Amino acid sequence: MGQSKGGKLGLIALIAIVMSSMIGGGVYSLPQNIAQYSAPGPAIIAWIITGIGLFFIANSFSILANARPDLKAGIYMYAHEGFNPFAGFLVAWGYWLMTIFGNVAFAVILMDALNTFFPGVFTNGNNLTSIICGSILIWGYNLLVSRGVKVAGFINFIGTIGKTIPLLIFIIVVGVMLDYSNLTHNFWGNDPHTMSELGSPGRQITNPLMVTLWVFVGVEGAVVLSGNAKNPKDVGKATLIGFFLSLFIYIALSILPYSVASQDTLAKMATPSTAEVLKLVIGEAGSMIMSIGVIISVMTGWLAWTMLCAEIPMAASENGTFPKFLSIKNGRGAAKYSLLISSAIMQIAMILVYFSKNAWNTMVDITSVMVIPAYLATTLFLFKYALKGDNEVIKKRRILALMSGLVGFLFCAFMLYASNPLYVAVIPLLLTLGVPLYIWAKKESRTTQNGTIETTEAQKEKERLFRRDELLYLILLLILDAVAVTALFLMLFKH
């Protein structure tokens, strides 16, 4: 069964959430997104690198979900448990912001997709009509998720099936019509024209990595909602199954189009480029199929991410890292104020999108880099935990756990290195914005039930706004802020 009594999520529903979290509207633009950076050979290597790195990250989530099922909403709790509450807060805050930016990206691409059916009405996905319709959907999803995780999970499951069908049609049709001569032509992108446009084959491997990483954001979806799982063991299974199914779809969507059109042609295709590719193969019907798929995909992915967006601050609040009021639930067991505030921040971001010249790429870039701290903390916690070796589940797979944690951590560090320096510099600044929220939560946690402040010797360390080890994290964060501001100033001055 996908779902169980009491509003809990079963294995099938969890797999649907993992896939729905990852497979959003952006995958429908993969042919163009990848071709603008790479010829087919380097693109395949980029996917292999990403697949290996993300496998170890996904496996880290899977192992920890089985080893520590007590850590609900694990992506935040792993940092909290492995390091300190302040580290947990920073991960939760950063991940929360990431889900908000991701949802706004969904709004932009959905409006852009609707422009296919209503030309000129939703231009670029960020004109006034787009902002109004996107805002209506933000609050519509708020209402839907407030009905409870079981209702939202069921709708998400149906939607995941609906958005997977067009992708499978694309893969089957283009695969059947595969032209190997086109696919292998200039396979490594090393002819003079391609290298002048895209750079060396090595550069063609590294340039699309942010795109290949971004489409996997959401692989942790089952872990974030682990508190709603019927069987905690299903969380790890769902993570790996969803990862491998999505990886197959991504590679097929990226590489098969090279047999239909040249790299140069693919790179210039309009969004969604899968519609343009299928149109070349079977005509206008292909374009319509993929455009409908984009709409279903975005709306379903948006629902899944709204669920994740509400879950993180609520779980952090229950643990005392976010203010207490965010843990309040409505009569259906769904997050109340956590969901409301998340939607309100999305609304503000949606309005700001109106003033962005390249709203979609901006949201994607911010989303990609803001998820990396959460992945870094998770993989490092697993490595640290596996070194101790005192957990029965990890003892059985200690070598794999150590390898997953280490390789996953190194891959995350590499992704930071490969990211746009502008958005990497923004990470510490955005994390620092949340510090007042942490201070608020800490002051609340210092107060006992009768309203007095705990002053026993045993509580002295707990009473501090920042423990000694947390203070080191804060100082490091402020140093990174100074470096980031300096770097941003130099970049602006340079231009």
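Just so you know, glycine gets a Cβ as well, placed from its N, Cα and C.
Caution: TrEMBL annotation is automatic and unverified by curators.
Per TrEMBL, transmembrane segment is recorded for 9-31, 86-108, 128-145, 157-178, 205-226, 238-260, 280-305, 337-355, 367-387, 399-417, 423-441, 471-493 (among others).
Between the transmembrane segment (205-226) and the transmembrane segment (9-31) there are at least 3 Cβ pairs closer than 8 Å, counting only pairs 6 or more residues apart in sequence, which means the two stretches are in contact. The transmembrane segment (157-178) makes contact with the transmembrane segment (9-31), as judged by at least three Cβ pairs under 8 Å among residues 6 or more apart in sequence. Ranked by the number of CB pairs under 8 Å to the transmembrane segment (280-305), the listed stretches 9-31, 86-108, 337-355, 367-387, 471-493 are led by 9-31. For the transmembrane segment (471-493), the neighbouring stretch richest in Cβ pairs under 8 Å, chosen from 86-108, 128-145, 238-260, 337-355, 423-441, is 423-441. Counting residues 6+ beyond its ends, the transmembrane segment (128-145) has Cβ neighbours under 8 Å at 103-104, 107-108, 110-112, 114, 121-122, 151-152, 155, 299, 302-303, 306-307, 310, 334-335, 339-340, 343, 346-347, 350-351, 353-354 in the same chain. Long-range neighbours of the transmembrane segment (367-387) within the same chain, counting only residues 6 or more positions beyond its ends whose Cβ lies under 8 Å from a Cβ of the stretch, are 56-57, 60-61, 63-64, 67, 74-76, 78-79, 81-83, 87, 90-91, 94-95, 97-98, 101-102, 105, 210, 213-214, 217, 220, 394, 398, 401-402, 404-406, 408-409, 412-413, 415-416, 419-420, 423-424, 426-427, 430-431. With Cβ pairs under 8 Å as the measure, the transmembrane segment (9-31) is packed most heavily against 238-260, out of 86-108, 238-260, 423-441.
Cβ atoms under 8 Å from those of the transmembrane segment (238-260) belong to residues 11, 14-15, 17-19, 22-23, 27, 30-31, 34-35, 39-40, 43-44, 47, 51, 54-55, 58-59, 61-62, 65, 164, 167, 170-171, 174-175, 177-180, 182-183, 212, 215-216, 219-223, 266, 273-274, 277, 280-281 of the same chain, restricted to positions at least 6 beyond its ends.
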